[in-house]
Every structure is written in C-alpha cells, then in structure tokens.
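Taken verbatim from TrEMBL:
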type	residues	note
BINDING	Asp31, Phe32, Glu33, Phe34, Asp35, Ser80, Leu81, Glu111, Arg134, Glu171, Lys286, Lys310	NAD(+) binding site
ACT_SITE	Lys113	active site, N6-AMP-lysine intermediate
BINDING	Cys404, Cys407, Cys422, Cys428	Zn(2+) binding site
DOMAIN	603-681	domain 'BRCT'
Amino acid sequence: MTPQQRIDELTERLQYLNNRYYQDAVSEVSDFEFDALLRELTQLELEYPQFKHKGSPTQNVGGTVSKEFATVFHRYPMLSLSNTYNEQEILDWEERIRKIIPEEDVEFICEQKFDGISLSIRYENGLLTTGVTRGDGTRGDDITNNVRTLRTLPHHIEAEDLPPIFEVRGEGFMPLLSFNKLNQERVDIGEEPLMNPRNAAAGTFKLQDSAEVARRRLDCYLYTFLADTEIFSTHEESLLALQRWGFNVSQTWRKCSSIQEVLAYINEWETKRFDLPLNTDGIVIKVNSFAQQRELGYTSKSPRWAIAYKFKAQSVETTLRSISYQVGRTGAVTPVANLSPVLLAGTIVKRASLHNANEIERLGLRLGDHVYVEKGGEIIPKITGVNLEKRPLISEVIHYPTTCPACGSTLIQREGEVARLCPNEKGCPPQIRARLEHFIQRKAMNMDSLGEGKIELLYEKGLVRTAADFYALTYEQLFGLEKTITDPDTGKSKKIGFREKTTQAILKAIDDSKTVPFERVLFALGIRYVGETVAQKLARYFKTIEALEKASAEELVNVPEIGGRIAQSVVEFFQEEDNRIFVERLKAAGLQMSVGQEAIVEQLSDKLAGKTFLYTGTFENFEREALEHLIEAHSGKLLSGVSGKLNYLIVGEKPGASKVEKAKKLNVTMISEEEFLKLIV
Ligand SMILES: NC(=O)c1ccc[n+]([C@@H]2O[C@H](COP(=O)([O-])OP(=O)(O)OC[C@H]3O[C@@H](n4cnc5c(N)ncnc54)[C@H](O)[C@@H]3O)[C@@H](O)[C@H]2O)c1
Ligand SMILES: [Zn+2]
C-alpha cells in the first residue's frame, strides 16, 4: 500500500469511527486503538503533507451537531485535548513549554479526565440560560432542558463577584451507581444492557424526553470558567471560585510545581481512580497561569497549554476455564465466562460477562484460551480479546447450546434480537424462580424477608410455583423448613431455616404487601418490557387492572411514551389464560388492583387550563399535596413563586406575609380555599 492509500484509508476509517462515537454513542474499537490510528495518520501527514485531506480527523474536533436539537454557536470555541499514553511524552511536552517560556517557573494543575461528554453552560444575570454540547467545536446542540435536570448544577446563583454573563464548562457523566442501576433495569425487562457509562451518558444527554433524562440521574463536574473580561489570573483561582459559587467541582485536582509532582499524581491515581463514583480515563494536565496559557496558545484542535495522559484500560491475561449459561426471568440464556482467578484493578476476578452469543463468535473464543480481561465501570469485567499465540494445539470450539441448560427445551431466537430464549416459561425452574425474585424485590412488592435462598427453599418444597401461592402460605407449612446452601465462590455452606421469628416476619411481609400501590403491583407482575416507569404510566392511565386487561394494542399506544413493542407485550400477556388466572388470584388475595384515591384525582377536567396557581398558609380541607394534585388534575399549573405570570394566589390560614404583599403589588387575584373549590366543581 502506498502512503497515499494508507492516508486515504485511515482518514476514512477515523471519520467513520468518529461518526459512530459522536452520533450513535457507540465505540466499535477501544480508545487505545482509535488513538493509535490517529497517531499513525498524524505521522503520515507530517511526512506527506501533499496527501493530507482537507478536514482531516487530525485537524478537527470529532463531533457534529444533530438535527434533533437547535444549533448554538459557541462564544468561545470548544476544543479537544492532545493526548498520550506514555510518560516520556509528558516530559517532552514540558520541554516544549520551557522553550516557549524559558525564563519563568511553570506551575501545573492536574485533574482527572472524567469520561463523559463536554458541556458548556451559560449564565446571564445569575440565571442558567443555555446548555450546549461540544458538537464540532464551533457549534453544538442546545440541550438546555436536559442540562437543567442535573441536580448539582445551580439554576441561578447570586454572588457579588460574578460578571453578568459567563460560561462554565465541564464534563456531563453518568455516575457508576446510575449506570449499574439503569442496566439492571434494562436486564430486568429483557433489554440488552448499555455498553459503558460514557456511551450511556452521551445517549442520555441527547434524549428528547427530559423526564427520562432526569430519571437516569446524570451529573456533571465543572472545570472551566469563561467570561469576556478575565477576572482570574490562574486556573487554580477559577476552580476555587467555581467551588465557592456552588458549582460541583471534583475535589481530586492538585496544584503541582514541577513535572515530577505531576508524574507522582499520575501514578497515585492509576489505581485510586477505581474508587471514584464515575469512570475516568486519564489525567489532564494544565498550565496554571493564564498569562502563560496565552503565550502557549492553541493548535486548530487543542490548546498547547494542556495535555491528557490516558490510562490504558487495565487489562490482564488469564485462561478461560469454562462457560456457564444462565437463564434469566424472560428466558434469555446468557453466557458467563469462568476464568482462572486473577488480580485486576485491586479485585480478584473469576468471571467475565460475554453479553450474548454473538460475543463468543466475534471474539472467536475457545475453551482453554488465554484471554484478555478488562475492567471499566461495569459490574463484572469483560473479555476483550484472545492471545492466539498461546492457544493450545488442540482447543475446544465453543458450541452455543441449542437447548436450555436448565430444562432442555429447544432455544428460540426472536426476529431482530440476538438473545436466545428458552420458551418454556411455565416449566423452566430458573425462569420460575427469577419471576418470584422479581415479584418480591423492594421496587415491587418489597417482601425482603423472603430473600437469600428462601424462595429457593419454598420452590423446592413445592409450596410456591407462582407469586399467587405466597398468599396461601400458612404458619404450619413454613415453620421448621430447612436447607443448607453452598456459596459457589467460597465453598462455604450455611444453613437457612424457618424458625418462629423468620416465619412470622415472612407472613407479615406477605400481608403488608397487600397495601403496595397498584403501579408497583403491575411492575411485579413481570410483563415483558414493563419496567418501573412504564408500569407507573400504565397504572395512571388505565387506573384499574380490568381496564388494562381490556385495552387493545391501539389503545395502549395512545398512552404517552408507550410504544408498539410494549403494547404488544401487554396484550400478549393478558391473552394467556394462565396469566389471567394469576392476576385473578392476586386480586382475590387482596392486592391493590386499582390506583388509590390521590392518584385517581389526576386529570379530572380542563377547568383550570391555562391558569397558574400558588398557595400560601394551611388549609382546612386539604393537605398541601392534595391541593397540588387537585390543581394539576384540573389542568392548572403550579408556579413556584409570585410573579407577573401568576393568576391566583390561594390564601389559607397563617399565609406568608411576603407572598401576599407581592401579590397585592402585582395585582394577582387572591382567593380563599372555598373560592378555589368553586372554580373546579
Ligand atoms: N473508540 C472509538 O471508536 C472512538 C471514536 C472517536 C473518539 N474516541 C476517543 O475520543 C477521543 C477524542 O475525543 P475528544 O476530542 O473528546 O478528546 P478527549 O476525550 O481525549 O479529550 C477532550 C475532552 O476531555 C474532556 N475532559 C474530561 N475531563 C477534563 C478535564 N478535567 N479538563 C478538560 N477536559 C476534560 C472534555 O470533555 C474534553 O472535551 C479519542 O482520542 C478517542 O480516545 C474513540
Ligand atoms: Zn428452560
């Protein structure tokens, strides 16, 4: 291949990978591989500048803007960072700096390189006005509504030393806790888990539905302050000011007065970073003095006064002993790799996730192979490759099972899905047990005292086959049951048994579950694709199980945010006679099969449509919450303060003096509790 051909090839490949990464939030190769290709292209372009493409990925920030959001031009461009994976290049970087500013001491600020997406947030007169993505560096997507869902980001700030207009920049990310929770939910309802927290954050920030964004609990760390007039002389001062003004600044940064201190910081965080609540992929080193930053300047793509040291993902080599196949609640059969135990990022790893059948093929895995295992922020580590040089002469090809490892049924594959499913819903033991576990979990019926192997015991004794059987259990049946269970990891065994106290606690939990609200009962039923939020929406819309049972697919898709796939799944669930009997038995047992009084209030009329309300004081007939519900149920809107936009102030006993006074000044209509009731009857 000629250098020109290689330049063409690399340019095209990198542009493709950039599109996948920034538009679709998918990484087809590791960052390390991407950066190696980029480096190769940079080198070739230096040697053969005549073949360099206009708009080469070496010259531009990788992202673009999308059609779904309004485009905002950045007041100050948003650039990338030059990066390196080795320490020598940090020393080289320092030397280049010394050549440009030979006479002065240079201080550095080291920060974590947070792995999320860049955000630029603008404030005018103390109010948050816009939140924008980096885009192509010159213009980005206006995602203000999604940025507003970040709980740690102030929506307005007051401080004497604040300029009227300024921007802050930082990294929006998905904390590991949120990521693992989101993935657990996805697995719960039979969806593929998301690949990693960065891609999950990138995808979430670009959702159209801000309520869903809020639910996913993103967060952001700020590290840049920008205004037309420079009010600080160092980066350190600006970080301290951001902190003082109430922005979320990660407390991991450090000022270093020599490059040796910088290297020490890097070494220190190489493993410490795994204790942080989010993924990081390196360290960013910035020159502290703004005067020196100005002298050093920028390339078309990144500042010369900063560099990112990237950690190679921690990877170890070990052998693949065997593959186990787990059967989930929805019948999906997923492979798990059993490894020779190995130390990785501070923990002993024995298992790795393989996601699905395709992964085994993609990696070309064979039993006994030496495999590379990496750990990111995911719950369990993953296999990223095979060391073919060490493959034994005779190695066993892995045949994905065609039958269920638990019950022997022939596996099926749904159209367009990679998962292989055991279709034996009614008779496959792990599916039955997983459905029972799903039913008792905290987010569903909250019958904690049945956890930790107890369900297993009830199932084995033939006492419980479906969750409806819980409600027929008696003290006599439970008391005295016993079983010894062995922990597969430690080999330790322990005895579980139902003595008096346990038995009482279980019966109480079962009884208490009869007051669990309908929306959680609906989630507990375990209908495919009906997770917590979907259950909530369905419960609020249909209000009773009877109405939901009768609903057609067309009716179901009328519910906001319910798509065809969920609708189909609900209809199919109720078409099955067994499921209808199951629901009938739960109803007979006394479970909540309709929404409670407060929730029924929702959407009663349009009588208050277009009107805004605020209340002050206490009321004879309502708790505050009930009043709020009523306003919204009759299509009115609640405001958070008295302003020119307010139509009615409902005044109760002991009203707030300042609210009343302000309302008088602005000529807002003030009404009593009774007058409010007249508006809605
Ligand atoms: N795997 C793939 O397919 C693929 C494709 C495209 C890009 N990538 C990766 O993305 C990189 C390019 O992305 P990039 O231009 O965003 O560069 P980058 O992610 O390497 O560095 C720049 C970004 O770092 C972030 N950052 C985090 N902490 C920071 C801090 N403390 N201070 C300043 N900035 C901080 C900012 O968002 C900034 O925009 C590539 O080098 C590659 O590693 C991977
Ligand atoms: Zn099975």
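Positions of Cβ are set from backbone N, Cα and C atoms, glycine also.
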- Task: List the recorded positions Asp31, Glu33, Asp35, Leu81, Lys113, Cys407 whose Cβ sits under 6 Å from any atom of ligand 1, in sequence order.
- Result: Asp31, Asp35, Leu81, Lys113
- Query: Of the recorded positions Glu33, Leu81, Lys113, Arg134, Cys404, Cys422, which ones put their CB under 6 Å from ligand 2?
  - Reply: Cys404, Cys422
- Note on the structure: Among Asp31, Phe32, Glu33, Phe34, Asp35, Ser80, Leu81, Glu111, Arg134, Glu171, Lys286, Lys310, the record's NAD(+)-binding residues, the widest C-alpha separation in angstrom comes to 25
- Task: May I have the DSSP-based helix, strand and coil counts for the residues of the domain 'BRCT' (603-681)?
- Result: 27 helix, 16 strand, 36 coil
- Looking only at Cβ atoms, how many others are within 10 Å of the one on Asp31 (NAD(+) binding site)? 18
- Message: Just to be sure I understand the packing, how many Cβ atoms besides its own are within 10 Å of the Cβ of Asp35 (NAD(+) binding site)?
- Response: 16
- Query: In terms of DSSP three-state secondary structure, what is the assignment for Cys404 (Zn(2+) binding site)?
  - Reply: coil
- Query: Can you name the residues of this chain that are 6 or more positions from Lys286 (NAD(+) binding site) yet have a C-beta less than 8 Å from its C-beta?
  - Reply: Phe108, Ile109, Glu111, His235, Gln293, Trp305, Ala306
- Task: Specify the count of other C-beta atoms within 10 Å of the C-beta of Cys404 (Zn(2+) binding site).
- Result: 23
- Work out the three-state DSSP category of Lys286 (NAD(+) binding site). strand
- Query: So for Cys407 (Zn(2+) binding site), how many other CB atoms are inside 10 Å of its CB?
  - Reply: 16
- Query: Relative to the Cα of the residue listed as 'active site, N6-AMP-lysine intermediate', which of the binding-site residues Asp31, Arg134, Cys422 has the closest Cα?
  - Reply: Asp31
- Other CB atoms, at most 10 A from the CB of Cys428 (Zn(2+) binding site): 20
